[in-house]
Structure formats: structure tokens, C-alpha cells
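These notes concern the structure reproduced below.
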Amino acid sequence: MKLRRAVLRAALALLLLLLLLPPAGAVEPISLGLAIAGAAASALTGFISYPRLYCYFRECCLHRHDQRAAAALQDTLDKRLFGQHLVSKVVVKAVRGFLNNTNAKKPLALSLHGWTGTGKNFVSKIVAESIYKKGLQSKYVHQFVATLHFPHAHSINLYKDQLQSWIRGNVSICPRSLFIFDEMDKMHAGLIDSIKPFLDYYELLDGVSYRQAIFIFLSNAGAEKITEVALDFWRNGRTREDIQLTDIQNALSVSVFNNKNSGFWHSTLIDKNLIDYFIPFLPLEYKHVKMCVRVEIESRGYAVDEDILTRIADEMTYFPREERIYSDKGCKTVDAKLDYYYDF
């Protein structure tokens, strides 16, 4: 509303100026042109200098207001993420609290763990989209994939220097930068520790504050421990919704710390308690796979065929072999299976 009033004021000022100018014959053409150009420039300068308008034409650091970002995050997770009550609760609270904290003592660090297809990449994408309109395409969101960006063990010292320089340079430009590290279970041991200073409780490092930045780590490490807890609840007649973060988080962090293939093996980030939350993604059940299929069909604008929906869910493989409770690929292959059944 305020933006509209500002625009109207600028337009009216320009119109009024034009009406008050003397007839064209009473002023030299060049003088008249300069007067109009000056008035237009003045109006346009005030128009473009208005921050929200500037950010309309050009992406700004922290595109959305903090409250809007948190609301967008909550809404999308409610509609698109299935079977992950712990994830929805913890991620929303962590991100909302951090964005609203004007005096954070350190960057926010979230570590997402679970089997492939349970929603880790999806959630990191939603977090990016809730903060920046362009999501993962934003110049303030930086995504690293271990096997792509850090493939060679013999180059680890070079990777450390490059990673530190990249983080330092981008946080200098935008304090609210978002960094996503995928395939942490394939990360070379010790590499992730190179960013330890940026995650610590420093007010400034070489004149730069990292306290508004967000770091998200994605890993399959710890999935066995998560499944173990989920199965214990199931076998004891308790629902997955009964599982609380306290039932898993400590065991998960220890499991990841002692796993040589976790990327966090004996990491100082864990040893110094610099990871704020270890967030478990529970293995998905048959009903959750069907929810994924339904939403994907609807997102493509097609009517849901219940028979096809059930056939796709039935074709998935489930574990443990005897109980067949959890999908071993989660919702990972839903998209490809839809392409087979629907003539898109």
C-alpha cells in the first residue's frame, strides 16, 4: 500500500510540474526538454530509490521479509512434505527463530540425515525458496555437491582454500547468504572442518560477520540409526508421530561423528557443538509414497487416476524384507514412474 502511494505521489508530482510549465512557445525547446527531463529524472530517482521497488527489479539480499519467509516455509512444508513431522517442526522453528533474531551469536547450521528419497534436498530447496524468490537460482544461495565440486582427495588443501574464499567473499556481499552442502557422506574427511571458523561464535573475522548466514548439510549417514528407532516404535505398537527429536538427535550425532563415511567423521563442527540441529528424516511408508504420487500428478495439472496411483506405489520396493514397511527409495523415483504411466 505504501509503495503504491509513493508511486502515485511521484507520478502526480511529475504531472503537476508539466501542467504548471508555460506554453511551449514561451520557452526555448531545449529549456523545456531539460525541465521535463529533470522532473522525470527526479521522480524516477525517488521511485527507484524506494527499497522495495529496487528489489522488485533487482534481487536483493534477503528478498523476503523475515515473517513472510517463515510463513512461506511453513505453508509449503505443510502442503508438500509427507511423513516428516519432526522435520517440519524443527526446520520451521529453527529458521523462523533465526531470521527473527536480530542479535544471533552464530550462523544457523542444520544437518539433515536420512535415506535417499525422504526429502532432504526437497527441504533445502524449500528453505531457499522461502527466503529468496529465485530459490536455488538466487545469487545468494550457494550449493555444493561433494562428488562434483570436491572430487579428488589429493586436492583437499586446494578445496579448503577455495571454499573459505568463496564463503568469505559471498558473505561480505550478502550477510544472509545460504550455503547448502549435499552428499556429505561422500565428503573427504577434514574438508568440512575448514569452514569451522565461519560457524563459530565470532563477532567478526577479518572485519566480516558471519552471524546471519545459514548452512545446511545433507547426508545419508545416520539413516540406519534413524530406521532403527522408527522400527522400535513400530514394533512396540507406537506411531511414527510419537517419535520426538530427543529420541534420535543425540544418537544420530554420535553415529555421524563416528562414521568414517559421513563427512563429519571426528569433525570439530560436532565436537565443538557448532551444528545447531541434527534433523532425522524418517523412512517413508506406503501411504506417504501414495501422497507423493498424488501431489506430483496434480502439480502437472492432470486428474488423479486412483488405479495408476496405487500401481505406482505397489511397484516400489519396501524393507525390512519381512515387514515391508518402508520404501527403500522413498519418493525418489515417483517422477520417472509417472512419465511411464501418463502420456505427458
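Indices start at 1 and increase along the chain as displayed.
Glycine is treated like the rest: Cβ placed from N, Cα and C.
Bear in mind that TrEMBL entries carry predicted annotations, made automatically and left uncurated.
It should be emphasised that the depicted structure is a prediction, and the values quoted were computed from it without experimental measurement.
Taken from TrEMBL, the feature signal peptide covers 1-26.
Over all protein chains present, the Cβ of THR116 (ATP binding site) has 15 other Cβ atoms lying within 10 Å. What TrEMBL records for GLY114, TRP115, THR116, GLY117, THR118, GLY119, LYS120, ASN121 is ATP binding site.
Marked as domain 'Torsin-1A C-terminal' by TrEMBL: 284-341. Per DSSP, the secondary structure of the domain 'Torsin-1A C-terminal' (284-341) breaks down as 32 helix, 5 strand, 21 coil.
Listed in sequence order, LEU81, PHE82, GLN84, VAL87, PHE281, GLY330, CYS331 are the same-chain residues at least 6 apart in sequence whose CB falls under 8 Å from the CB of GLY119 (ATP binding site).
Counting other CB atoms no more than 10 Å from each candidate's CB, the binding-site residues THR118, ASN121 peak at THR118.
Same-chain neighbours of the ATP site beyond GLY114, TRP115, THR116, GLY117, THR118, GLY119, LYS120, ASN121, judged by a C-beta within 8 angstroms of the site's C-beta center, are, in sequence order, PHE122, ASN220, PHE281, GLY330, LYS332. LYS120 (ATP binding site): 25 other CB atoms within 10 A of its CB, across all protein chains. Taking a C-beta cut-off of under 8 angstroms and a sequence separation of 6 or more, GLY117 (ATP binding site) has the following same-chain neighbours: LEU284, SER327, LYS329, GLY330, CYS331, LYS332, THR333.
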